[in-house]
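First up is the structure itself, then whatever we jot down about it.
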Amino acid sequence: MNFNNKTKYGKIQEFLRSNNEPDYRIKQITNAIFKQRISRFEDMKVLPKLLREDLINNFGETVLNIKLLAEQNSEQVTKVLFEVSKNERVETVNMKYKAGWESFCISSQCGCNFGCKFCATGDIGLKKNLTVDEITDQVLYFHLLGHQIDSISFMGMGEALANRQVFDALDSFTDPNLFALSPRRLSISTIGIIPSIKKITQEYPQVNLTFSLHSPYSEERSKLMPINDRYPIDEVMNILDEHIRLTSRKVYIAYIMLPGVNDSLEHANEVVSLLKSRYKSGKLYHVNLIRYNPTISAPEMYGEANEGQVEAFYKVLKSAGIHVTIRSQFGIDIDAACGQLYGNYQNSQ
């Protein structure tokens, strides 16, 4: 058993070895954290008292590297504000489905520098990339409280594929000695960072991938999402086709419905044309239509989603044989929905 030395688990392992502790000590510690849900070194009674004191002196009282600042609750949703290093803050969302499933939407960056016009997170710029421990601790926090970890999505603050630490986090989440999750329980959303998509294909082929499209027209997409100038739609779609070819895995397409901007039937038909021209006529693409969530912190304001227009858009895609769903929304009242994270906290600083 050897852990990545970028992680707290690897650092603890190195510390134990440097102090000539027996190899089984690291297993005792990871069992205490992940099987017994013990967060404080002092409470790991399986360890000798002197070792517990040494761990506290070197790593702090608790195994968590992030600090709880605030919590908000809504029906089926809990949003938590954490403090990370450099006194920065990130948000994490826990969603409980009525069937008993628990999903976690986690952040990969504090802020974001890609400047999508409809997103509150991007309006503050990039403050820092989260470390691997700051990423995984968002889930560990809930695990230690007794929550069931069924699925994790990198759809919180930041562009996940712009932070290399995300790949280390994937390793920790799937490590059988740590979180022990199947890669199919993990989802990454990206605005289209081509080099990192290639890495996912090659090294993490079973992880679910979502591409944020939001407009089928390249010029319009560049206005909404400046990243399109660097990685244009067609180039990203070619890479996604290759991902599907090599992995035989479905790719999800996220499409935020911006009233009067990208929700016309013309847009719907163009999405159909875009996907039908892809590998296997787009049969392994699945479109998630997302109602726009108003937030005063986004660079531009759009109105409430027009339900009739959302339904009409859906029917165009459905009738053309495109796999499509309208995503259920949770946590809008506490700014925990798509595109809302960190907005109100930023305004209050």
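Cβ atoms here come from the backbone N, Cα and C positions, even for glycine.
Source: prediction; values computed, not measured.
Of all Cβ atoms in the shown protein chains, 27 besides its own fall within 10 Å of the Cβ of GLU91 (active site, proton acceptor). Among the features that Swiss-Prot reports, active site, proton acceptor is placed at GLU91.
Feature annotation from Swiss-Prot assigns active site, S-methylcysteine intermediate to CYS338.
The Cβ of CYS112 ([4Fe-4S] cluster binding site) lies under 8 Å from the Cβ of CYS119, THR121, GLY122, ILE124, GLY125, LEU126, MET157, GLY158, GLU159, each on the same chain and at least six residues away in sequence. The annotation [4Fe-4S] cluster binding site is assigned in Swiss-Prot to CYS112, CYS116, CYS119.
The S-adenosyl-L-methionine binding site annotation in Swiss-Prot covers GLY158, GLU159, SER189, SER212, LEU213, HIS214, ASN293 and rests on similarity to another entry. In the three-state DSSP reading, GLU159 (S-adenosyl-L-methionine binding site) counts as coil.
Taken residue by residue with DSSP, CYS105 (disulfide bond) is part of a strand. Positions annotated as disulfide bond by Swiss-Prot, on the basis of similarity to another entry: CYS105-CYS338.
Confidence over the domain 'Radical SAM core' (98-333), given as mean pLDDT on the 0 to 100 scale, stands at 93. Annotation comment: Swiss-Prot describes 98-333 as domain 'Radical SAM core'.
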Within 10 Å of the Cβ of SER212 (S-adenosyl-L-methionine binding site), how many other Cβ atoms are there? 24
Rounded Cα distance, in Å, between CYS116 ([4Fe-4S] cluster binding site) and HIS214 (S-adenosyl-L-methionine binding site) is 10
List only the single closest residue to GLU91 (active site, proton acceptor), chosen from the binding-site residues SER189, SER212, HIS214 by CA-CA distance. SER189
Using C-alpha atoms only, work out the spacing between SER212 (S-adenosyl-L-methionine binding site) and CYS105 (disulfide bond) and round it to an integer in Å. 16
